[in-house]
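Novice: Copying in the features that TrEMBL gives for the protein in this structure:
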BINDING   GLU134, ASP165, GLN191, GLU239  divalent metal cation binding site
BINDING   HIS416, HIS489, GLU563  Mg(2+) binding site
DOMAIN    19-260  domain 'Xylose isomerase-like TIM barrel'
Amino acid sequence: MRRSIATVCVSGTLDDKLTAAAAAGFDGIELFENDLVVSPWSPAEIRDRCADLGLSIDLYQPFRDFEAVPREALELNLRRAARKFDVMAALGVNTMLVCSSVSPDARDDDALAAEQLALLSAQAAERGIRIAYEALAWGRHVSTWDHAWRIVRAADHPALGLCLDSFHILSREVSPDGIAGITPGKIFFVQLADAPHLRMDVLQWSRHHRLFPGQGAFDLPGLIRTIKASGYDGPLSLEVFNDVFRQSDPARTAVDAMRSLIALEDRAGLRPLPLAPALRGHAFTEFAVDGGTGPQLREALRGLGFAHTGQHRTKPVELWEQSACRVVLNSAVTRPGVAISAIAVSTDDPAAALHRAAALRAPAHVSAHGPREISLASVTAPDGTDVFLTGPAPDWRADFLPTGENAGTGLLDTDHVGLTQPFDHFDEAGLFYHSVLGLDRLATAEFAAPFGLMRSRALVTAGRQVRLALTVALLRRGEWAPGVPEPQHVAFSTSDILAVAARVPRRLAIPDNYYSDLAARFALADEAVEPLRRHGILYDRDAHGGELLHFYTPVHGGRVFFEIVERRGGYDGCGEANAPVRMAAHRHLRLSGR
Ligand SMILES: O=C(O)c1ccc(O)c(O)c1
Ligand SMILES: [Mg+2]
């Protein structure tokens, strides 16, 4: 099926939008009338530009407030349409979207609507044009797909069919199942948008919060299968109204859009992708450090019982280990400060994983390597983190000469990596990790932190060998909230957090008030709370009785910290409930200058 994108999805001038759509590999576009109206190009020039870019114009839209009007108004509406048909002829586009009327002048009269749409379609047909009728979820009298279908059927004109828009369908209670029974050939166009579950006015929901497929909560694979069952094989076209995308780099948004569509086609069984790699675990986490932050991280790692076990043969890169916990400190990357520059996950078949990534528009690159180094391929996530895919054996360790240092014990493995995201790319990052690495998304959590509302979402393998925790500040306004980005972190697992805490010299101090509250909230005995208080260990318990005990280090280099976690009884979260406490404690430490 052809892949299209509505010009409304991306930012910029019409030229910016077309260039972005073509570069991302779309076959066609839906031309939004506004984008035409503000363009300095004539319709014929737009047609030529699209042809040069290899894009077809699959739809002209929207034509509003046409049907079920009094006679006098009908004349005007038909004349208005004729002018649009002229424009469409010059553009070389043969399908016009007519969305259900929102006008107070429209009558609640299906027979009248059908009669007038048939008239419009007859005039369109003379020009070789088809009319695709779409029920807006907030249409005055027609607001569901089945109502629009009844009218189209009654009008019974070959040039009249339906435009199905996943948002209007899935935002309403009417089941989409009947779509499979729509007369073959009568679905003229399909528009796709996802959206988060929100309880708000449906028009506001649609105009501001649509997302690309896979970024929201709608069952789009299910809907596509239903639509396919009707015999539809026209374009699948993304139509997303989103305040963030309207302001973002169109080239980047178009790639995000294309990735969403490719992933959806896979999930709907239309075009299978190479299987998502079975991830075995976190192989290592790489920090880019500089002359100032390198020593701070070394000291922190030593404090946690890590040892500098390997030195890279050719680069200023150190391997630090303890059991299966591995951290790479890279001073070869020339960026100031410190940041998590890469995560590495192991899989049985890195080549297949990279193949899938490339199919999802995440091309692999191989870092420069010398003759004795094995090549590790990586893909770059939207947040700039490089994701290395290693084989099951840690053969990349051959790049490092052993130093002979021995690590302590107590820490077992990497539990999760916490990556903070800029607001504008949170959904893009979620889709990337979900589709490229095949990670499942757990429910989103929101919590009020000292400097604003935070949202977090964990992405995990089914067996929890890999966990990523993405967090984002929902607003960044004014001068008050700290301008620095929220720090990133790596969490290591242990089965004896009290013993580990007793050995780690620099732990984040947690206020006494937290422990009073904890005892009250979870009805914990003093004997249970006392050791937690003594060591600055935080606690959480889930609905099934699973428990998390965890503590933090201070923030190092202003940007990164470590966490130690002990999970008991199948606790599956990342301790999000305690994030505000952690943030306030980090802030307190920062203000006290320690
Ligand atoms: O928000 C709107 O008005 C609007 C217009 C055209 C569409 O196809 C649509 O889904 C919504
Ligand atoms: Mg639509």
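Cβ coordinates are placed from backbone N, Cα and C, and glycine is handled just like the others.
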Novice: By a simple count of other Cβ atoms within 10 Å, which of GLU134, ASP165, GLU239, GLU563, the binding-site residues in the record, is least packed?
Specialist: GLU563
Novice: Over the domain 'Xylose isomerase-like TIM barrel' (19-260), what is the model's mean pLDDT?
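Specialist: Its mean pLDDT is 97.
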Novice: Taking the Cβ of HIS489 (Mg(2+) binding site) as the centre, count every other Cβ atom within 10 Å, in any protein chain shown.
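Specialist: I get 24 for this one.
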Novice: Work out how many Å separate GLU134 (divalent metal cation binding site) and HIS489 (Mg(2+) binding site) at their Cα atoms, rounded off.
Specialist: 47
Novice: Given the binding-site residues ASP165, GLN191, GLU239, which one's Cα is the least distant from that of HIS489 (Mg(2+) binding site)?
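Specialist: Ranked by Cα distance from HIS489 (Mg(2+) binding site), first place goes to GLU239.
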Novice: Please check the binding-site residues ASP165, HIS416, HIS489, GLU563 against ligand 1 and give me the ones with CB under 6 A, sequence order.
Specialist: ASP165
Novice: Do you know offhand how many angstrom separate ASP165 (divalent metal cation binding site) and HIS416 (Mg(2+) binding site) by C-alpha?
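Specialist: Spelling it out, the Cα of ASP165 (divalent metal cation binding site) and the Cα of HIS416 (Mg(2+) binding site) are 38 Å apart.
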Novice: Rounded to the nearest Å, what's the C-alpha distance separating HIS416 (Mg(2+) binding site) and GLU239 (divalent metal cation binding site)? Just drop the number here, would you?
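Specialist: About 35 Å separates the two Cα atoms.
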Novice: Report, as a single number, how many Cβ atoms besides its own are within 10 Å of the Cβ of GLN191 (divalent metal cation binding site).
Specialist: 25
Novice: Going through the binding-site residues ASP165, GLN191, GLU239, HIS416, HIS489, GLU563 in sequence order, which have a CB under 6 Å from an atom of ligand 2?
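Specialist: Correct list: ASP165, GLN191, GLU239.
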Novice: From the Cα of GLU563 (Mg(2+) binding site) across to the Cα of GLN191 (divalent metal cation binding site), what is the distance in angstrom?
Specialist: 44
Novice: How far is it from GLU239 (divalent metal cation binding site) to GLU563 (Mg(2+) binding site), counting Cα to Cα, in Å?
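Specialist: Between the alpha carbons of GLU239 (divalent metal cation binding site) and GLU563 (Mg(2+) binding site) there are 41 Å.
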Novice: Which are the residues of the chain, HIS416, HIS489, GLU563 excluded, whose CB is within 8 A of where the CB atoms of the Mg(2+) site average out, their centroid?
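Specialist: Nearby residues not in the site list: ASP415, VAL417, GLY418, ALA469, VAL490, ALA491, PHE492, PHE561, PHE562, VAL565, CYS574.
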Novice: Specify the count of other C-beta atoms within 10 Å of the C-beta of HIS416 (Mg(2+) binding site).
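Specialist: HIS416 (Mg(2+) binding site): 24 neighbouring Cβ atoms within 10 Å.
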